[in-house]
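Pasting the relevant annotations from Swiss-Prot:
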DOMAIN    17-154  domain 'MARVEL 1'
DOMAIN    159-303  domain 'MARVEL 2'
TRANSMEM  53-73  transmembrane segment
TRANSMEM  90-110  transmembrane segment
TRANSMEM  129-149  transmembrane segment
TRANSMEM  163-183  transmembrane segment
TRANSMEM  198-218  transmembrane segment
TRANSMEM  232-252  transmembrane segment
TRANSMEM  278-298  transmembrane segment
Amino acid sequence: MGSTMEPPGGGYLHLGAVTSPVGTARVLQLVFGCTTFSLVAHRGGFSGVQGTFCVAAWGFCFALSVLVVACEFTRLHGCLRLSWGNFTAAFAMLATLLSATAAVIYPLYFTRLECPPEPEGCTARNFRLAASVFAGLLFLAYATEVALTRARPGQVASYMATVSGLLKIVQAFVACIIFGALVHDSRYGRYVATQWCVAVYSLCFLATVVVVILSVLGHTGGLGCPFDRMVVVYTFLAVLLYLSAAVIWPVFCFDPKYGEPGRPPDCPRGSCPWDSQLVVATFTYVNLLLYVADLAYSQRIRFVPTF
């Protein structure tokens, strides 16, 4: 099942879940997450897609953090049909990315040093500044957990706690950014070549998600072939696919024969296809580098297969 029952004779409550370094980081996550969410909901305020994303990210991270701390403290994680080490490592990395994004977006769109006009006034400004500070602290709390639980070189660990496993979460997150730019009037349907790039992004994203799900559910040991070898082969193919997209997408979007080499002067901000194409191109190279790093690290990892 991928989970491990606690040995008999131990207490029902595990105090180390809140007193250990990792436990302390998780308690701080709850404190900072609840404070940030409360400040924004009470007087800070939010609006639009950006504000909704921030609140959703904080709410999601807080809810799962409560689940993790509760299961660790009561030892109920041993009853779950999943690999607990893989689950907590994957969630900590995802929460780090989400909280980092929200910690950048909220101050950028909602925080100003000058007081807004009434009825909001300086009170709303102060709440937004405080929420921005606690959002940054929340990111640091999740990043601390990732640093504390990451597998060290030569250490036998769950796959998602290795650098390769953590990179899988980052790759999927970057792919979501690419998808967001694609659907925002990127005009990817004009050429078969750019449609091929979309297929590459989708295929690699789905394969990465499958690897993460298999690890979290604890089914990496019954695939008929070694899981680490399968991951290396997939990562190598992903590097080749992303390499093709890294060449094709800029050519068909920014070459004068097919697209615009520079941003059109009459292109409106916030709804300019060229901007979306630039975002896709930039994060294509980011993900290519992530897959190359993943391939390099996956050559030397050792992790515990789960059944």
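A Cβ is built for glycine as well, from the same backbone N, Cα and C atoms used for every other residue.
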Using DSSP, tally how many residues of the domain 'MARVEL 1' (17-154) sit in helix, strand and coil.
114 helix, 0 strand, 24 coil
If we skip the immediate neighbours and take only residues 6+ beyond the ends of the transmembrane segment (163-183), which ones have a Cβ under 8 Å from one of its Cβ atoms?
86, 89-90, 93-94, 97, 146, 150-151, 198, 201, 204-205, 208-209, 211-212, 215, 231, 235, 276-277, 279-280, 283-284, 286-287, 290-291, 293-294, 297-298, 301, 303
Looking at the domain 'MARVEL 2' (159-303) alone, can you tell me the average pLDDT?
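Taking every residue in the domain 'MARVEL 2' (159-303) and averaging pLDDT yields 89.
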Which of 53-73, 90-110, 278-298 shares the most C-beta pairs under 8 angstroms with the transmembrane segment (129-149)?
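Ranked by Cβ pairs under 8 Å, first place goes to 90-110.
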In the domain 'MARVEL 2' (159-303), how many residues does DSSP put in helix, strand and coil?
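Its residues fall into 106 helix, 1 strand, 38 coil.
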Counting only residues 6+ away from its ends, which parts of the chain sit with a Cβ under 8 Å from the transmembrane segment (53-73)?
13-15, 17-18, 23, 26-27, 29-30, 33-34, 36-37, 40-41, 46, 80, 84, 88, 91, 95, 98-99, 101-102, 105-106, 135, 138, 142
